[in-house]
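Quick look at what Swiss-Prot annotates:
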type: COMPBIAS; residues: 647-668; note: compositional bias 'Basic and acidic residues'
type: COMPBIAS; residues: 889-899; note: compositional bias 'Acidic residues'
type: REGION; residues: 639-668; note: region 'Disordered'
type: REGION; residues: 866-899; note: region 'Disordered'
type: REPEAT; residues: 9-52; note: repeat 'WD 1'
type: REPEAT; residues: 53-92; note: repeat 'WD 2'
type: REPEAT; residues: 94-132; note: repeat 'WD 3'
type: REPEAT; residues: 149-188; note: repeat 'WD 4'
type: REPEAT; residues: 193-232; note: repeat 'WD 5'
type: REPEAT; residues: 252-291; note: repeat 'WD 6'
type: REPEAT; residues: 294-334; note: repeat 'WD 7'
type: REPEAT; residues: 337-376; note: repeat 'WD 8'
type: REPEAT; residues: 379-418; note: repeat 'WD 9'
type: REPEAT; residues: 465-504; note: repeat 'WD 11'
type: REPEAT; residues: 569-608; note: repeat 'WD 13'
type: REPEAT; residues: 669-709; note: repeat 'WD 14'
Amino acid sequence: MKTDFKFSNLLGTVYCQGNLLFSPDGTHLFSPVGNRVTVFNLVDNKSYTLPFSHRKNIARIGLTPQGNLLLSIDEDGQAILTNVPRRVVLYHFSFKAPVTALSFSPSGRHFIVGLGRKIEVWHVPSTPDANADGELEFAPFVKHHTHVQHFDDVRHIEWSHDSRFFLTSSKDLTARIWSVDQEEGFTPTVLSGHRQGVVGAWFSKDQETIYTVSKDGAVFDWQYVAKPGQDEDMVDDDDLAWRIVNKHYFMQNSATVRCAAFHPESNLLVAGFSNGIFGLYEMPDFNMIHTLSISQNEIDFVTINKSGEWLAFGASKLGQLLVWEWQSESYILKQQGHFDSMNSLVYSPDGQRIVTVADDGKIKVWDTESGFCIVTFTEHTSGITACEFSKKGNVLFTSSLDGSIRAWDLIRYRNFRTFTAPERLSFSCMAVDPSGEIVAAGSVDSFDIHIWSVQTGQLLDRLSGHEGPVSSLAFAPNGGLLVSGSWDRTARIWSIFNRTQTSEPLQLNSDVLDIAFRPDSLQIAISTLDGNLSFWSVSEAEQQAGLDGRRDVSGGRKIGDRRTAANVAGTKAFNTIRYSTDGSCLLAGGNSKYICLYSVTTMVLLKKYTVSVNLSIQGTQEFLNSKLLTEAGPQGLLDEQGEASDFEDRIDRSLPGSKRGDPSARRKNPEVRVNGVAFSPNGSAFCAASTEGLLIYSLDTTIQFDPFDLNMEITPTSTLAVLEKEKDYLKALVMAFRLNEAGLIQRVFQAIPYTDIPLVVEQFPNVYVARLLRYVAAQTEQSPHVEFCLLWIKALVDKHGAWLSANRGKVDVELRVVARAVSKMRDEIRKLADENVYMVDYLLGQASAAKETNTTKTLALEWATTGSDEQPGAGGMSLNDVMQQDEGNASEDEWIGLV
């Protein structure tokens, strides 16, 4: 089994804090998610997360006008410059202070950062697509200017259209006008008059007017004019100044303005308020277009795309991200992450969906291809502890602390069955047999295991034997046995389908945390509180092997820990374990920043995956800095809310002594942990439910350069020469797979004529068949050439069917991917056909009617040319009768072709 899994995507969290950005074409949205950046494709409905990560949560992001360079800055001022198309980190830089504002110039030559009350102008590194000479010129950032005239933090920066001037808005109640370079006759100007901090300032399209918005809901229009009442003929240049010509107010009662954005081309002003309402206004007349409530908490950021059609909103307290099309008044994107930490997850049998459950009582179904949440269930009234799919994947089962087990229909998206115990219990674990007819659950209140029938919903049995709370349950994949683990330091194997209930106890040295069945049902893995992993034979009920994973899983030190990271007791156990699809590896995670992958055959650690390096989360650093230790305790644990300048930021809405449940807990150093892991059914990826969100690690090599069987003669140039000049399609395809460049493979693949596909596949080497099969399956899901891809699949199955059957264990993953792609295509075609049945019937009916009309007109033309009113072949029908049969749709001149 391959172990080179790489981080590929982050789900479960769509927005944390900071600003949002639209791409220059307006089709992509960049959102800061913790210490990473997620890109949402709003046209194709897909998302991906850039592979880099910061050491702290991201505070500001900026994008060049060309859309090729992304600058992201964390809370400490550490910046990363990234090439967006290549997804490669280019440069690391430190601004040595927290950055409060960031903006790139429209020309792409400069960018400005706000460092508290200081403003710095920097040169943007040149790239081949931005430099006029087309040369690669890359150097560290070069500072152009520094301005220090504000008296409080700068909150917003806006450029003029010609990139010569820029506006800054600050908490010191003023906005200021600056020039990038020294301009003749220009001096920096202060725009003062607001009673609270200025949220933003913008130029109009003609740059004759400046609009400023303050926190108290005031909108001022500024113009470069003389004093009111002064004679225009007597006005000198010294008399002209930026003055307020109009004042407007939002009138949102006690709500304050948290964010605002302006679109100069359409004169649209949008403002987000602290009560979750946003308003859209047309300037300069301040005509309200509409207002809408989109959140229960304050809106933290709003931005407008280049065309002015879409508005993007971010609300950090609930983790909401929305894109609103104001003209049609509809949502383009509406996503929200879990309010609390995720407890469990499960892959659907086809691998296309991932279900996550959390302490907020919500169940979310995520699409693995798009990365979006497609449905959310909210019927549970307390935290959800476990989730399982039925074998076919149409039914989902969840257990909750509210004392219920619920069954969900994922076709109609409804709860069709609820299972409860005679007494009120808090269920902590659950298992479903492969047939989907039996559900078992254990609780922390009772030491019994409850068994229900899915068809009737009745409680069938209660299994007694454990002397402590049941912590884990698992059915054998073949459906014959049930294994349970408890805090009484035993695991039991139950034969629940026999006439007599028997259980085989397995004695362990510590409390059982989790149990996993191997896919062949011959072995179980048990994780205990002492950090050990034990492997037991199901048939003989004997331990086959064991692993001490305390040193592997331990790592990371919390702010208040007095012991080193290696000696912290809370991180020395695996809370969740899962077998790989082929049963050769075991994936384990716990209350630490590591996920461990073990080999079951050799009992060695194969690889450790670091969940997060975010220092905003406790438990991610190995050593603590003694300089951060004060007399009152570690600085990270001190409450600094009382020192905030804004009143609403000084309010502490959390209960005294509470450690969870506060909406702002994401900013109060939560602890890193992995509550659930799962392998995808095809074994090409695994996911982990962590504090950062739903992390997906995959073997996808579409972005990475991974050559296979390479030599000096194989280059992209030689491959294209073989393809275009020699027309040797087989050789060109093999060379492309050796280089393993996605663009080259696609070019060669699409250049092969469909008539030559059987000949190329017949001579294709067996060593590349699995790679070609996986590539064709991926093309089937993405490419519009449906028949072309199906011809490739048919040829591969026909020509290499014997080899695929003999090596089924090696290509099992590829065959599953192909089956999934073909099944998805079939469903899409069936859906398209079902939706257009009546349209096809109508078109066929129109064709038949047109054919009958043409036949009638032909007969009439023959009669007209012969001059007879009645013909033998017409069945005694006269010309007048034929004309009346046409119901007057055409005149006689049209019949005989005169018109």
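The backbone N, Cα and C atoms fix where each Cβ goes, and this holds for glycine too.
Under the criterion of 3 or more C-beta pairs below 8 Å, with sequence separation of 6 or more, the repeat 'WD 7' (294-334) and the repeat 'WD 13' (569-608) do not qualify as touching, having fewer than 3 such pairs.
It is 337-376 that, among the stretches 149-188, 193-232, 337-376, forms the most Cβ pairs under 8 Å with the repeat 'WD 1' (9-52).
Under DSSP, residues within the repeat 'WD 3' (94-132) fall into helix, strand and coil as 0 helix, 17 strand, 22 coil. If one looks beyond the repeat 'WD 4' (149-188) by at least 6 residues along the same chain, the residues whose Cβ comes under 8 Å of a Cβ in the stretch are 100-107, 109-110, 112, 114, 116-119, 121, 194-203, 205, 207, 210, 212, 214, 237, 242, 264, 645. Only residues 6 or more beyond the boundaries of the repeat 'WD 6' (252-291), in the same chain, are considered here, and those with a CB under 8 A from a CB of the stretch are 161, 196, 199-200, 202-205, 209, 211, 213-217, 219, 221, 246, 297-304, 308, 311, 313, 315, 326, 329, 648.
Within the model, the repeat 'WD 8' (337-376) carries an average pLDDT of 90.
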